[in-house]
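Before any comments, here is the structure.
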Amino acid sequence: MFKNTKKLMLVFAIILAAAVAFAGCGAKKEEAPKADGEKKGLSGSITIAGSTSVQPLSEELAKAFMAKNPGVTVNVQGGGSSAGVKAANEGAAQIGASSRDLKEEEKGLGLTETKIALDGIAVVVNPKNQVSELTMEQIKGIFSGKITNWKEVGGKDAPISVVNREEGSGTRGAFEELILGKGTKFTDKALTQPSTGAVRTTVAGDENAIGYISLGTLNEEVKGVKVDGVEPTIDNVKNGSFKISRPFLYLTKGEMNEVTKAYIDFVMSEEGQKIVKEAHFIPVK
Amino acid sequence: MQKVRSFVYWEEKIARGFLWASVLVTIGALLAVIFHILQHGLVHVNWEFLTREPLFMGKEGGIFPTIVSTVYLILISLAIATPIGIMAAIQLTEYTKKGPLVKIIRFATETLAGIPSIIFGLFGFAFLVLFMGFSWSLLSGGLTLAFMVLPTIVRTSEEAIKSVPLSFREGSMALGATKWQTVWKIVLPSALPGIVTGVILSIGRVVGETAAVILTAGSSLNIPSSIMDPARSMSVHLYILAMEGISMEKAYATATVLIILIFIINSIANRIMRKMSSNLAA
Amino acid sequence: MRKIHETIIEKLLLFSAVVAVLVVALITYFIFADGFPVMQKYGIAHFITGSDWHPLDKQFGLLPMIAGSFLVTLGALIIGVPLSVGCAIFLAEIAPKQVTRIIRPAIELLAGIPSVVYGFYGLVILVPLIRELFGGRGFSILGGSVVLAIMILPTVVNISEDAIRAVPKEYKEGSLALGATHWQTIKKVIVPSARSGILTAIVLGMGRAIGETMAVIMVVGNVATLPESILDPIRTLTGNIAIEMGYAAGEHAQALFATGIVLFVIIMILNFMVTLVPKRIGE
């Protein structure tokens, strides 16, 4: 077998060579759009990775930005808030997106935070559910597993089917912090869906389900319940009466390159913030 | 006697009934899936859907970038896996047929064929995306997929090469050709249809893969302009459309396009296989 | 000159053949390098026998996921194996040639359909159907088993059919000549002779079921607790990796690689079992 080690190394080298050759071809191609962008003077490509809640908004912002700067490519990736923090820190993406505040240990990484929008988290039930109002305490009881039947909160006699997000999700992190607080845990019995949309679909399909989703993605498939009597609307989040909200953050590390800086400037501009509003999120300016 | 006979008779009847039922249920279940998808999807598939860029994460517009990305992933993975796979098959059938090394290679090929795609995804993520620094890109995705389809190509090529009659080789060697000349000029052309079938089946696998692609190629909806750009294949797009609840209409339509594509790929493979078997018979 | 040419080509061929070995080695190395340290730190027993999965609180019990993978696979086999073996016997022994000619390509087509399509079907049709028929939440072991059963049908049918066709004609003729009916011949002679091939088909189907990821995520509900009934939602090993990989950092990410190790070992054991199956009875 030892004799083959050399050969193994060689094969490895060949694969690498092939990979580099391919990468080379790619790099050449990349230069092509430069010619178009020369007039504007901005070209290159950046990647935004992270929170799936921020992703739809980033897509829209990126599209508008690319329309203005034809030489620029902005790639928008999912992955989740923790992945966004990691990607920005390790340089896998120029911008990391997070849908929750940074945790203590993440704050030490030296990332620059830019708050691009605010988002409410709506607690949603099936439209057929009679319950349309819950208190913070009741929501806490339901998601921690203390309240297990809808009749305990004024609904019909049916078991509550809790739909949760997976650990690491920014929406879950923010919800946990705002509703459950320290020391209380989510019930083990909750279904786990890997995205906001999947939670919404699940709740839309099950009369006894309850979940929580980004306010920006609330639609007629599900019913957003009033929390402590306050309707989940953009205005109520803005004026502070709807309590469950969290920031959308763009994270960058060190000196931003030209394109990244231009993009973030665009997002924070009046035009960018208008897109934030149109996407049903809350502008920060 | 009469009683025994009737027992045998009934057993035969029931058994036949069971066999018929199992065929009907199998075919029925499978057709139900296809029919359901096509029924809801076909109406939304049109030229615009195929050629336009998606809007609002795919809620409106088409799936053009995902088609382009899928094609790129096919090209990259096959450009890597096909030559390596065929050469490996030649090595295993024409050069060293026995010995410990061959045993190890065979075991490795079989292991590779059995490894779940999510493991390939994890590996691609750890090795290509992070360790090699390729990030989420066509290159990472293509290489991961190449590793996944390699065993398929090795196996089908081996079968095809083995089925070339020995007399072909003997004839060539008798005329003074070297071993490689024989392989290159005589064996490979005769085995080509079988090899092509393997490659086409691999295309199907590349098109259908989701888990490994999300972890290595990412999920950006842009048309990739270089091999280092992230991309989203059609299968990944379908997964995201359905799971994020973005648009069921578009999800059905994407699924329809996928099914039609697989249908075309399979028909081509079948046709080549049939041609091959009739050629051999002749 | 010609000799050098040939030597270079021979080396190249050998390298290509070794690529598969290299890739397997790399995969093993990277999965273990990323996953094993955390397993060692908390103890392998903690991973395999622990039933709490709270990765952010350093609870890495994989037992619910191991049970989940095992149960959906078992369910898929219980539903899928009788159907597909029956189907294989039908195609090889009973169906007229024309029927086989239509059904075989159809089944092969189904083998090629992307797994997400099956998952999508499960999500929009099966899950609501189960909720209506049996109650519960719809997302369940049952849903996962049915989707996987449909997915393994083509694999098991194709390989079993080949195995049945490979049984020498003389066996069948001999049995019929002795006065056995067709079904008796199938039951007593043909299926036992093709047993090893059918077994291989089932093990391969099992591998596919355990390894399937996306389709399963879409229908099982992904709850990381031990189930009490087949209507309970569960999470599989593959699902655990795919769902949390994007969100994980530090030991959480390593624990997902550890999940990969467990899956990898299970698959290796299955692969090894395939090699143990004798090619023919009596060998």
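Here the Cβ of each residue, glycine as well, is placed from N, Cα and C on the backbone.
Curation plays no part in TrEMBL annotations; they are all automatic predictions.
Keep in mind the model is a prediction, meaning the values are calculated, not measured.
As annotated by TrEMBL, domain 'ABC transmembrane type-1' applies to C:66-274.
TrEMBL lists C:12-32 (among others) with the feature transmembrane segment.
For the transmembrane segment (C:62-95), same-chain residues at least 6 beyond its ends with a Cβ under 8 Å from one of its own Cβ atoms are 47-51, 53, 103-104, 107, 141-142, 144-146, 148-153, 156-158, 160-161, 163-165, 182, 186, 190-191, 198, 201-202, 205-206, 209-210, 216, 220, 223-227, 230, 234-240, 258-259, 262-263, 266. Feature annotation from TrEMBL assigns transmembrane segment to C:62-95 (among others).
Annotation comment: TrEMBL describes C:107-127 (among others) as transmembrane segment. Within the same chain, residues 87, 138-140, 143-144, 146-147, 150-151, 153-155, 157-158, 212-219 sit at least 6 positions outside the transmembrane segment (C:107-127) and bring their C-beta atoms closer than 8 Å to a C-beta of that stretch.
The transmembrane segment feature in TrEMBL is assigned to C:139-159 (among others). Within the chain carrying the transmembrane segment (C:139-159), a Cβ under 8 angstroms from the stretch's Cβ atoms is held by residues 68, 71-81, 83-85, 87-88, 91, 107-108, 110-111, 115, 118-119, 121-122, 126-127, 130, 197-198, 200-202, 204-206, 208-209, 212, 215-216, 219-222, 227, 230-234, 236, all 6 or more beyond its ends.
Marked as transmembrane segment by TrEMBL: C:197-220 (among others).
Non-local neighbours of the transmembrane segment (C:255-277) in the same chain are 28, 31-32, 34-36, 38-39, 47-48, 55, 60, 62, 65-66, 69, 196, 199-200, 203-204, 206-207, 210-211, 237-238, 240-241, 244-245, 248; each lies 6+ residues outside the stretch with a CB under 8 Å from one of its CB atoms. Marked as transmembrane segment by TrEMBL: C:255-277 (among others).
Sequence-distant contacts of the transmembrane segment (C:12-32) (same chain, at least 6 residues past either end, Cβ-Cβ under 8 Å): 257, 260-261, 264. Sequence-distant contacts of the transmembrane segment (C:197-220) (same chain, six or more residues past either end, CB-CB distance under 8 Å): 68-69, 72-73, 76-77, 80-81, 84-85, 88, 115-116, 118-120, 122-123, 126-127, 139-141, 143-144, 147-148, 151-152, 155-156, 158-160, 162-164, 166, 191, 233-239, 241-243, 263, 266-267, 270-271, 273-274, 277.
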